[in-house]
Amino acid sequence: MYQYVNSSGETPPNGAPPTSSLANKDRADEENDNIDKRSEEKPAGTKFTYHQKATFASAMMASLSNMMAASIISVFYPIEAKAKGMNQTVIGLVFSAFALTAGIGSPIWGKFIPVFGARFIFLAGAFVTGGCNVLFGFIVDMPTRATFTAFSFAIRLLEGLGSSATKTASAAIVAFTFPENVGTAVSLIEMTGGLAYAIGPAIGGLLYDAGGFRFPFFALGGLVLAIDIANFFLLPQQGQKKEESGPLTLVLSIPAIWLALLAVFVAAISLTSLVPTVPIHLKELGFTVLQISFIFLSFGLSYAISSVIWGAVADAKKATRIMMVFGAFGSALFFLFLGPSQLLKIPSTKLLAILVIPTGTVMMGLFIMPTFVDMYISAEWYGVPTNLGVTSIIAGLWNGVFAFGSLVGPLLGGALTQVYGFAYATTIFAGALISVMIVLCLFGVWEYRCGKGRRVPRSRLEMQANTTDEEQVPLIPNDV
């Protein structure tokens, strides 16, 4: 029989969610192991320790350089590849190769980060990413189309693994270092990476015009390696201690984790489906290439800035499910008006596109950003110790699912638009978002049982029942 907590989150009669002595011991051991880094005395007048500041700075610099380096090929690589004889489909697959290995690698890195050390994975991933960028500059000298194609795939696949290693380790370290500000800290890292990914193609194009095919890869690859060297000295040792890997099966046994991953997957597909389709739609409305570039800039900026705001709100209010429901609904409206859908019976105009795109990406941020915090909260509620192993597992799952969604999104968006048209395609994505919203609501009814309180996991109730009377005796009597 399940026990429920009241709407305030307290458990009658004891006033706190049930825990076991074993779980408490694990948490105590974890805190003792990390007391030198998480309980470091803070200087007067400051909010964060030096270790926290250094960790955050390292993660920001790595995110900036890695994502910029990964996106520089967008403008000029298709031109060179076509000149080498590659067709459009193969060129698209080269771009997708990065997301494929990133999606596969992220949960694997999340599993093994505690074993090999988060600091090592973080630095090694950046080294691989920078090295791959430098190597990519040499493929222009390949003598045949076959060798050019083969090395393009091989390097992009390896770069995806390196980038996913750094990104997963970065999210895990940041979440572990800022346990009270997970949403804000992770969203700031995501914002930096998103902005870097948005401006990377422009920088790549400028460097290509200035020095040819090799120059962008040598410059950005060198920047990644230089920052990696700086982070070798800057990043604290907190992630270097070898521990047991996180309990992947235990985390995946939590129903709420699957719900959050479903939301991330659908959101990633919907968001990235716009990459190959919106430019053509805007061109048909009469926008120039320069105007389309500025609209895409507003797309990236509004998503990045709003993600930080929503992350801070999720940290402060812990109302992640409500935020996800409103975000899914707002995102569905965004896709309906972007088409615009035939259901609305309104004409497609320039003004509508200008207003809808930046507003809609704010709603996408509201939908996506709380999912990471929700996974973290759910793991805590189900009694999983919030150590580095668990944050690594959560970061790996989140990044992996988002990467797979980013792989599927452009392919699905392009196919639906080609077969049914842009307006029908956006209507289909809106329907998918509404479906996720309904699932979120129904799951909330099941988990909270119509306002009676959040369901207490059976495993925790069993562990509490097995706790001996001696273990429940307080160390210090109440009358002392």
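Cβ from N, Cα, C; glycine included.
Nobody curates TrEMBL annotations by hand; they come from automatic prediction.
Taken from TrEMBL, the feature compositional bias 'Polar residues' covers 1-23.
What TrEMBL records for 24-44 is compositional bias 'Basic and acidic residues'.
What TrEMBL records for 55-449 is domain 'Major facilitator superfamily (MFS) profile'.
The region 'Disordered' annotation in TrEMBL covers 1-44.
Taken from TrEMBL, the feature transmembrane segment covers 56-77 (among others).
Here TrEMBL flags 89-108 (among others) as transmembrane segment. Within its own chain, the transmembrane segment (89-108) is flanked in space by residues 70, 73-74, 77-78, 81-82, 149, 152-153, 156-161, 163-165, 167-168, 248, 393, 395-401, 403-404, 406-407, 410-411, which lie at least six positions past its ends and keep a Cβ under 8 Å from the stretch.
According to TrEMBL, the transmembrane segment annotation covers 120-140 (among others). Tertiary neighbourhood of the transmembrane segment (120-140): same-chain residues 58, 62, 65-66, 69-70, 72-73, 80, 109, 112-113, 148, 151-152, 155-156, 158-159, 161-170, 173, 213-218, 220-225, 227-228, 231-232, 235, 239-240, selected by CB-CB distance under 8 Å and a gap of 6+ residues from either end.
Per TrEMBL, the feature transmembrane segment maps to 215-235 (among others).
The annotation transmembrane segment is assigned in TrEMBL to 247-269 (among others).
Sequence-distant contacts of the transmembrane segment (289-310) (same chain, six or more residues past either end, CB-CB distance under 8 Å): 183-184, 187-188, 190-191, 194-195, 197-198, 202, 271, 274, 278-279, 282-283, 323, 327, 353-354, 357-359, 361-362, 364-366, 368-370. Taken from TrEMBL, the feature transmembrane segment covers 289-310 (among others).
Sequence annotations record features per position, and here TrEMBL assigns transmembrane segment to 322-339 (among others). Beyond its flanks by at least six residues, the transmembrane segment (322-339) meets 260, 263, 267, 270, 274, 278, 310, 313-314, 346, 348, 352-353, 356-357, 359-371, 374, 422-427, 429-431, 433-434, 436-437, 440-441, 444 of its own chain at Cβ-Cβ distances under 8 Å.
Sequence-remote contacts of a segment are chain residues at least 6 beyond its ends whose Cβ falls under 8 Å from one of its Cβ atoms, and for the transmembrane segment (351-376) they are 171, 175, 182-183, 186-187, 190, 256-257, 260-261, 263-264, 267-268, 270-271, 278, 281-282, 285, 287, 295, 298-303, 306-307, 309-311, 314-315, 318, 320-321, 323-324, 326-328, 330-331, 333-335, 337-338, 340, 386, 391, 394-395, 397-398, 433. Here TrEMBL flags 351-376 (among others) as transmembrane segment.
Sequence annotations record features per position, and here TrEMBL assigns transmembrane segment to 388-409 (among others).
Residues or ranges marked as transmembrane segment in TrEMBL: 421-446 (among others). Same-chain neighbours of the transmembrane segment (421-446): 255-256, 259, 262-263, 266-267, 269-270, 273, 277, 280-281, 321, 324-325, 328-329, 331-336, 338-343, 348, 367, 413, 455, counting only residues six or more beyond its ends whose CB sits under 8 Å from a CB of the stretch.
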Among 56-77, 247-269, 388-409, stretch most in contact with the transmembrane segment (215-235) (C-beta, under 8 angstroms): 56-77
Mean per-residue pLDDT computed across the domain 'Major facilitator superfamily (MFS) profile' (55-449): 88
